[in-house]
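Asks: Not my notes, these are from TrEMBL:
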DOMAIN    A:86-275  domain 'ABC transmembrane type-1'
TRANSMEM  A:21-46  transmembrane segment
TRANSMEM  A:90-113  transmembrane segment
TRANSMEM  A:125-145  transmembrane segment
TRANSMEM  A:151-168  transmembrane segment
TRANSMEM  A:203-232  transmembrane segment
TRANSMEM  A:252-275  transmembrane segment
Amino acid sequence: MSIFSSRRSHRDPALAARFPGLRGLEIAAAAAALFLVFAACFPTLLAPFDPLAINPADAFQAPSAAHWFGTDESGRDIYSRVVHGARPSLLIGAAATAIGLGLALLLGTAAGLGGRWLDFGIGRILEVLFALPGLLLALVFIAIAGPGITTSVVAVGLSTAPGYARIIRGQIAQVRSSPMVEAAVVLGRSPARVLGRHILPNALAPVFVLGTLGLGQAVVWASSLSFLGLGAPPPAAEWGAMLAAGRTYLGTAWWMTLFPGLAIVLAAACSTVLGRALQRRAVSR
Amino acid sequence: MSFPFRTPARGVPAAAGAVAAVVLLAGCSGGGGSSDNGGEPVSGGNLVYATGDAEPTCLDPHVGGNYPQALISSQYLEPLVSRNSDGETIPWLASSWEQSEDGLSWTFTLREGVKFTDGTPLDAEAVKANIEHAQDPATASSTGYLALRKIKSAEAVDTQTLKLTLSSPDSALLESLSMPWVAIQSPKALERSQEENCAAPVGTGPFVVDKWVKQESVTMVRNEDYSAPPAEGWHAGPAYLDSITWRFIPESATRYAALQAGEVQVIDNAQPDTVKAAEGSDVIKHLDAPRPGASNRLELNSSKAPFDDPKVREAFVRSVNVNDGVSTLFFGTAKRSYSPLSSVEPLAYSDQSLFGYDLEEANRLLDEAGWTARDSAGYRVKDGKRLTLQFPVSTNQSIPAEQSLFEQFQATAKEAGFEVKLNLLDLSSWYGALAENNYNLVSAPYTKVGPDVLRILFHSDSTKPAPSGYFANLSQVKSDELDELLTKASETSEPAERERLYEEAQKIVLEGYYILPLYDQQNHFLYRSEVSGVKALPTVSTPTFHDAWLTN
């Protein structure tokens, strides 16, 4: 890793020169991400209306000065619902990623350090899980555990874990055989100290990059589950659920689908752009 | 129900469908085309029908007995009697019938020369086998079982004469026998295993089940020897269409897009906004066929807290704003009901005064009922328990507009302090929630010809599950007075007396706040103008394509 990184760092300015918009894009993504996080923390400061307040008389209003994103079939303000939808969507995404990474860390470390048979066993289990598409794995879990927010968090987390686990295992195996670790072992450091001081810090840098990239994917998956009616129960303002409600009226009230859809795209795009930026920095460090 | 349900794979094709819908909508403007349905019928062609109802797990409507089964089986099975547009019973497979003086025995004369599509002749033994099949607990029937409950025994007097002996007089017998859930199948076919019979029931109808590709479609081909149309309304001889492809497209926007694109010619369970759009269209036409029997209503489960208290029931009914939601979500295609019965039932009794939206009154009633405190979320609490209502919703049995309406109920009831928990479930999980008594509110369609549906829905006997495991009395009202009225009404054939008894019974149901009537069971069909002769049977309003033909 260190050999490659020194070479990469020389190419960095050239990369920036070839894509002058890159930094601008990163700044925009960071700003949008901050905005989303702000919306998730303090939705009432941004949303003019109660996201759950119905008003049948105002149903199906097109975007206007009063309702920036229009209203839905029950006369609820879509802008307010999109803002309030940031919290469940981001929370589900973050929690699912945390579960996925945590589980992966456990499996990956065990496989990377636990000896040949454990490595073999975990490796085969991961391969079996890889054989199933992630979303299918999540659906299977929901079919067993029943729909709801908690289950969809766990489901998305579980289905992302195999990918992370495999990468972590590779990193750990690589760092483990590095001269630095061998030196520590020769010097008689305790296994816990070798793991905590030498292996994990060096193996985990890519994990944060993966986590940032994965966050966007987790948001998309969580929205997909809600879209299928397996996530947040009604009347929750959740992007995927709003998308599902809107598609019925796609021909007459496009705004019901467009804006929650844009929010999902925005969240996923931000996390991808930021993840890539982190990745470049991690590599060039 | 106890027979195995398969959960349809929803959603994944739906997502693809949503994308397809955008493309199609963009490409569909104007269109022109003639809506002229006149002219001579022409034979030939394949009609594609797309249903939004759940895919039946069994094509034999004796088994279980829900509306999706009625829809499809109306194409290949036929009952003993039918109705004309005036609501009078007319002959179908039975050419005449006669009731004994005491009402305890009925004699049916069957039509001569009718054969099932496997060649078996229609005779008294065949009908006897059908009645016994629907009554056999092993069949796990619900609707048919309840409809035939009073039949004690059937006896073949001679080849074409059948005698039914009843346990008590049944003024609804002919109405019950007109329904697709007790349609007559080949006795030879019934002898096969249930699995085989479910896959391809054999009847006398204008079409024959040819192939069933699960989760996709059922193909039916014309019965070339068809000879048994009902006494009025159908042309003689075989159907005009060569075949029907009966597709399952659960997602409403996808279904409508397929209709617009001409990929399918008829759809059911049309969304109100699309029904409205069809009004001004030359290409797409609308058939409105409200179902008979019960109105579409919320049932309030009176068997357990908090709805065991009539005051809480009334408070809930007063706290939900039905009318505003119905008028915006249904675009004027649904009319508000204040009766337990469908508006097509002549004996329907309405009382609008009981169902006004009145938040103040709801609050007063809840205070009186002891739900005085509110928690931090604004919900009422009593003895540390929140005023929570479990509301399982079958996504297979309600269109999106109806689910939105329920969300509005949730929002308005919250103002009075009710926490309504909407659980969107597929059909099998929904049946499961009902069987476990794990609901406070439920909207369950029930279709039956005639006011006797009141006995099925509100007699205490119906709180006990039928062989299928389903019980129809979901408000779980148990009232001796009501039982007596309903039993008497079902035994009285004197019209004025029958009307009085049913009116009394409906009053008890309405005034006890066991139900919140919403509207007629919506049954909107959209079809393309190249299809002529689409009609619904005047019994349970299922569409029939015997008279339908395609122009190009």
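Cβ from N, Cα, C; glycine included.
Note: TrEMBL annotation is automatic and uncurated.
Can you walk me through where each of these features ends up in the structure?
Replies: For the transmembrane segment (A:90-113), the list of distant contacts is 36-37, 40, 119, 122-123, 126, 149, 152-173, 176, 195, 199-200, 203, 207, 210-211, 214-216, 218-219, 221-222, 231, 267, 271: same-chain residues at least six beyond its ends, Cβ to Cβ under 8 Å.
Sequence-distant contacts of the transmembrane segment (A:125-145) (same chain, at least 6 residues past either end, Cβ-Cβ under 8 Å): 107, 151-152, 154-156, 158-163, 165-166, 221, 224-225, 228, 230.
Non-local neighbours of the transmembrane segment (A:203-232) in the same chain are 88-90, 92-94, 96-97, 100-101, 105, 112, 134-135, 138-139, 142, 147-149, 151-153, 155-157, 159-160, 164, 167-168, 171-172, 174-175, 238-241, 243-244, 264, 267-272, 274-276, 278-279, 282, 285; each lies 6+ residues outside the stretch with a CB under 8 Å from one of its CB atoms.
Residues 25-26, 29-30, 32-33, 36, 60, 62-63, 69-70, 72-73, 78-79, 81-82, 85-86, 89-90, 93, 209-210, 212-217, 219-220, 223, 239-240, 242-243, 245-246 of the same chain, all 6+ positions outside the transmembrane segment (A:252-275), place their C-beta atoms under 8 angstroms from a C-beta of that stretch.
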Asks: How about long-range neighbours of the transmembrane segment (A:21-46): same chain, 6 or more residues beyond its ends, C-beta under 8 Å?
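Replies: Residues 15, 83-84, 86-87, 90-91, 266-267, 269-271, 273-274, 277 contact the transmembrane segment (A:21-46) from elsewhere in the chain.
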Asks: Hey, which bits of the same chain come close to the transmembrane segment (A:151-168), Cβ under 8 Å, at least six residues off its ends?
Replies: 92-93, 95-101, 103-105, 107-109, 111-112, 122, 126, 129-130, 134-135, 137-139, 141-142, 145, 203-204, 206-207, 210, 214, 217-218, 221-222, 225-226, 230-232
